[in-house]
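Peer 1: When I checked Swiss-Prot for this same protein, it listed these features:
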- Gly81, 84-85, Ser89, 91-94, 109-117, Ala121: 5-phospho-alpha-D-ribose 1-diphosphate binding site (BINDING)
- Gly81, Asn112: anthranilate 1 binding site (BINDING)
- Ser93, Glu227: Mg(2+) 1 binding site (BINDING)
- Arg167: anthranilate 2 binding site (BINDING)
- Asp226, Glu227: Mg(2+) 2 binding site (BINDING)
Amino acid sequence: MNDLKSIIGKVATGAPLSREEAASAFDSMMSGEATPSQMGALLMALRVRGETVEEITGAVSVMRAKMLRVDAPAGAVDIVGTGGDGSGSVNVSTCAAFIVAGAGIPVAKHGNRALSSRSGAADVLAALGVKIDLKPDQVGRCVQEAGIGFMFAPAHHPAMKNVGPTRVELATRTIFNLLGPLSNPAGVKHQMVGVFSRQWVEPLAQVLKNLGSKAAWVVHGSDGLDEITLTGPTFVAALEHGQIRTFEVTPEQAGLGLCGSDGLKGGDAAANAVALQSVLDGMPSPYRDVALLNAAAALVVAGRAKTLAEGVAIGRDALDSGAAAARLKHLIAVSNS
């Protein structure tokens with residue numbers, strides 16, 4: 001084990017940490033050995049200098065080692081965003097998750113309450129009637145029986161309680177905003193991850209590659225959204241067959257029209273729940289289109305679709321047949337049983 005004081009001293013000089021040094025430091029923080037001052041110093045020094053791929057990889061490896069695991073099928077996917085994009089948008093990845101599940105791909109969705117918006121994944125699911133504070137075996141049963149399960153981050157990452165107060169006091173973004181979406185308790189190997197800043201698209205794809213993901217898209221909308229956006233291009237780093245390639249996608253490539261940012265504005269959890277249900281009930285809207293677009297990308301990652309356009313067609317079938325809505329009803333029933 002590396003001495004935490006010496007690691008903080010190294011970071012203070014601007015020098016990057018090795019993967020092992022980062023893992024040692026984050027193990028100290030998450031096991032409760034580090035003092036609040038040490039945690040604050042390390043987190044802010046990393047933030048100011050800029051976290052490296054190796055540092056994030058080391059930190060995620062510790063998060064994963066300490067999390068409470070969920071059993072999920074080998075081909076399960078996660079659709080998750082970092083949050084913190086400040087958009088106050090509708091719950092895109094949550095809605096997309098039901099479309100993907102409706103298309104027959106098991107979904108092990110990881111999420112939390114709102115970070116910067118008025119409604120995070122946990123908030124909107126609770127408003128829809130889903131029981132979110134489940135034990136790992138109960139979530140596993142949801143994935144098996146309903147085709148989709150929700151892992152409420154605080155319930156699966158108990159070690160985070162040791163860093164929570166420091167994060168609240170710092171009141172600014174830290175490396176932990178990046179770690180959560182990369183630390184899926186079901187250990188999924190197929191991920192669609194939205195990030196709050198363009199600068200993190202390629203690095204997080206590299207982290208996922210380092211940690212054994214089979215296929216992933218890391219995305220950031222040109223309008224700042226931590227999803228694939230409907231207002232213009234989206235930056236993508238795709239991990240495929242052990243290689244990372246970067247490109248841009250647009251709604252038009254998937255056969256969808258552009259919309260203004262106002263079309264994606266959300267409200268509180270209750271309002272967003274009504275909006276999500278209306279999409280699952282087949283109502284046309286920009287929300288339906290952006291959810292279809294993100295579901296299409298997840299279907300590409302899962303190997304179910306070859307192109308975004310094909311993924312949108314599969315997603316439309318899942319919505320129009322009622323299959324996606326049925327997944328929500330089933331999840332509500334299983335999670336509360």
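Just so it is clear, glycine is given a Cβ too, placed from its N, Cα and C backbone atoms.
Just tell me what is around each of these and how deep it sits.
Peer 2: The Cβ of Ser89 (5-phospho-alpha-D-ribose 1-diphosphate binding site) has 25 neighbouring Cβ atoms from other residues within 10 Å, across all protein chains displayed. Taken residue by residue with DSSP, Ser89 (5-phospho-alpha-D-ribose 1-diphosphate binding site) is part of a strand.
All protein chains considered, the CB of Asn112 (anthranilate 1 binding site) has 19 other CB atoms within 10 Å.
The Cβ of Glu227 (Mg(2+) 1 binding site) has 29 neighbouring Cβ atoms from other residues within 10 Å, across all protein chains displayed.
A C-beta separation below 8 Å, combined with a sequence spacing of at least six in one chain, links Arg167 (anthranilate 2 binding site) to Leu43, Thr174, Phe176. According to its DSSP assignment, Arg167 (anthranilate 2 binding site) is helical.
For Asp226 (Mg(2+) 2 binding site), the same-chain residues 6+ apart in sequence whose C-beta sits under 8 angstroms from its C-beta are Gly81, Thr82, Gly83, Gly84, Asp85, Ser87, Gly194, Val195, Phe196, Val219, His220. In three-state terms derived from DSSP, Asp226 (Mg(2+) 2 binding site) belongs to neither a helical nor a strand segment and is classed as coil.
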Peer 1: For the binding-site residues His110, Arg113, which one has its C-beta crowded by the most other C-beta atoms within 10 angstroms?
Peer 2: His110
Peer 1: Whole-number Å distance between the CA of His110 (5-phospho-alpha-D-ribose 1-diphosphate binding site) and the CA of Glu227 (Mg(2+) 1 binding site)?
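Peer 2: The Cα atom of His110 (5-phospho-alpha-D-ribose 1-diphosphate binding site) is 15 Å away from the Cα atom of Glu227 (Mg(2+) 1 binding site).
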Peer 1: Which residues of the same chain, at least 6 positions away in sequence, have a Cβ lying under 8 Å from the Cβ of Ser93 (5-phospho-alpha-D-ribose 1-diphosphate binding site)?
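Peer 2: Within the chain, Ser93 (5-phospho-alpha-D-ribose 1-diphosphate binding site) has Cβ neighbours under 8 Å at Ile79, Val80, Gly81, Lys109, Gly111, Ala121, Met192, Gly194, Glu227, Asn294.
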